[in-house]
Amino acid sequence: MDAREMKIKAAEAALAHVEDGMRLGIGTGSTAEEFVRLLAEKVAGGFRVEGVPTSERTARLCVELGVPLKSLDELPALDLTVDGADEVDPALRLIKGGGGALLREKIVAAASERMIVIADESKLVDTLGAYALPIEVNPFGLVSTRIAIEKVAARLGLSGELSLRQSGDGEFTTDGGHHIIDASFGRIPDAEALSSELNSIPGVVEHGLFINMAALAIIAGPAGARTLQANR
């Protein structure tokens, strides 16, 4: 079973949690896109959902495949969000934002009664941090914000390169008009402390640590999909 087949297995398992008539947050990334494709097949057969996309990219795919969409202002309370992750630890703490949609992903997840994370087994880790942590920042005062992030990291005993994410024509810009600093800390032993410290920096719009948000993680491997439940 290759990586895409594992993503499809995880998406299939998540789809079993989606009920007719649900208000659904729809994530961003390659695994979430497999979920959208499967959801679209059910919608074509008469299944009713209203989706809120977490990125313009997801919105375009949903429109292309016929998944009905609303804005979060139109559906401010959601039943369920299904989204991928860049890393998942045993406590269902996540690193997200590799696709650049972390702010909207977090807003949509917070507006949902439940969040289900879908991923292949390569994303399951003992401790977060091997994947660079995306930190969404305001373009104004970028150097000052970067220095503040470096100071936070030093206080917490973290080190590693901070890289301003690039795209084909310069700095990567999020759907909200912000930039992303990717922090390669290597290992984050206290994700809660780092989350709190980053939230205290005025120039940090949001970061990719999702803590106490996922209710379930569906992890797919060669033997199939298994479900991890949050213990809190």
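In case you wondered, yes, glycine gets a Cβ from its N, Cα and C as well.
Since we're looking at a predicted model, the values are computed, not measured.
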In Swiss-Prot, substrate binding by Thr28, Gly29, Ser30, Thr31, Asp83, Gly84, Ala85, Asp86, Lys96, Gly97, Gly98, Gly99 extends, among Lys123, Lys151, to Lys123
Rounded Cα distance in angstrom between Glu105 (active site, proton acceptor) and Lys123 (substrate binding site) is 18
One finds that other Cβ atoms within 10 Å of the Cβ of Glu105 (active site, proton acceptor) number exactly 31
Expressed in angstrom and rounded to a whole number, the substrate site built from Thr28, Gly29, Ser30, Thr31, Asp83, Gly84, Ala85, Asp86, Lys96, Gly97, Gly98, Gly99, Lys123 spans a maximum Cα-Cα distance of 15
